[in-house]
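Student: Just dropping this structure here.
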Amino acid sequence: MLVDHWQVIVQRSLSAKNMSHAKGASIFASYLKMLPMIFIILPGMISRALYPDTVACVDPEECVKVCGAEVGCSNLAFPKLVIELMPSGLRGLMIAVMMAALMSSLTSIFNSSSTLFTMDIWKKYRRGASEKELLLVGRIVTVILVVISVVWIPILQSANSGQLYVYIQSVTSYLAPPVTAIFVMAIFWKRTNEAGAFWGLMVGLVVGLTRMILEFVFPLPRCGVFDPAPSVLRSVHYLHFAIILCALTAIVVAVISLLTPPPNEEQIHNLTWWTIHNSTEREIPLQKVSTLSRRTDGCESVRRGKCVRTAGFCSPRPGRIVSENPSPIIHSIREDPFWSRFCCVNAIILVCVNIFLYAYYA
């Protein structure tokens with residue numbers, strides 16, 4: 001049930017050339033998703049066996065001396081292997097690879113979040129905003145998100161800092177299920193409307209944030225220490241809570257959608273599972289953005305302070321003309337039969353393999 005739809009993944013899928021490319025990319029990523037068993041779990045087990053006094057420390061006082069966390073030092077498992085076992089050249093290469101992967105994920109998330117703010121919030125209240133203004137707002141939002149991420153580090157260190165993976169999964173369980181329920185219902189139930197999605201998301205996020213705040217207020221104590229947390233907080237595992245939260249959100253969406261007017265056929269045309277293969281395809285209107293149509297000499301046209309030049313609005317070459325004509329090509333969502341069957345066969349293979357792996361290692 002904890003299958004959260006990532007805004008980053010959705011944006012990348014929507015930017016695909018056609019449906020076959022989107023399906024193929026998702027299937028290829030699903031094949032790669034089976035590799036963490038080899039690249040994450042096995043190195044963790046090896047590190048725990050090689051370094052029982054550091055990675056596998058049990059005594060809270062010893063764990064504090066090693067990594068500064070009372071609950072454990074499992075976060076050191078992979079870096080410990082890299083630093084202790086790999087030679088100097090490969091060690092630097094591996095650290096660079098780890099940092100590059102981290103930066104890639106962070107930049108994707110920051111760009112996705114800034115896009116959501118500029119297109120769904122800022123543009124709603126500033127309907128006449130130019131392309132340059134939207135770009136500046138997006139960059140400012142990205143900087144704010146970076147600052148929030150840095151400020152969040154002490155909170156992360158104080159809450160399950162020795163179990164980073166558990167922390168990530170628990171936070172995802174509190175925030176992702178409402179979005180998952182709305183996303184799935186919007187695709188598979190034509191009766192889902194805007195009011196139902198809005199109130200379902202609000203109720204789900206309020207309940208999820210309440211659980212997350214309680215987790216911060218009542219952190220998990222170490223062994224032998226009295227736990228003052230409410231019984232419901234400890235008796236319901238965060239994965240079980242994700243199932244409950246997803247079901248609650250789905251119920252709210254269904255009730256509100258049934259009590260309010262349904263969306264018309266034009267609004268759901270080619271956008272749900274049952275209407276994607278309609279005989280007539282949806283016409284996608286091209287949005288014309290306001291751009292500079294005159295020549296720009298250096299930074300003469302945008303001399304409004306150093307912040308504007310710092311944001312990157314100066315023309316890189318004098319005398320450059322910016323075109324106003326958007327690309328008029330909109331590709332059809334119809335697929336080639338061969339590649340459609342190829343993607344479906346691989347999807348079935350993936351489902352079977354994952355079911356086997358879950359059953360075998362359970």
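From the backbone N, Cα and C atoms, a Cβ is placed for every residue, glycine too.
Please treat TrEMBL annotations as automatic predictions, because they have not gone through curation.
Straight out of TrEMBL:
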TRANSMEM  27-46  transmembrane segment
TRANSMEM  93-113  transmembrane segment
TRANSMEM  134-155  transmembrane segment
TRANSMEM  167-189  transmembrane segment
TRANSMEM  196-218  transmembrane segment
TRANSMEM  238-259  transmembrane segment
TRANSMEM  338-361  transmembrane segment
Student: Cβ pairs under 8 Å only, please: of the recorded stretches 27-46, 93-113, 196-218, 238-259, 338-361, which one is richest in them relative to the transmembrane segment (167-189)?
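Tutor: By Cβ pairs under 8 Å, 238-259 leads among 27-46, 93-113, 196-218, 238-259, 338-361.
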Student: Looking only at residues six or more beyond either end of the transmembrane segment (196-218), which have a C-beta under 8 A from one in the stretch?
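Tutor: Residues packing against the transmembrane segment (196-218) from afar: 155, 159, 170-171, 173-175, 177-179, 181-182, 185-186, 227-230, 233, 238, 241, 245-246, 248-250, 252-258, 260.
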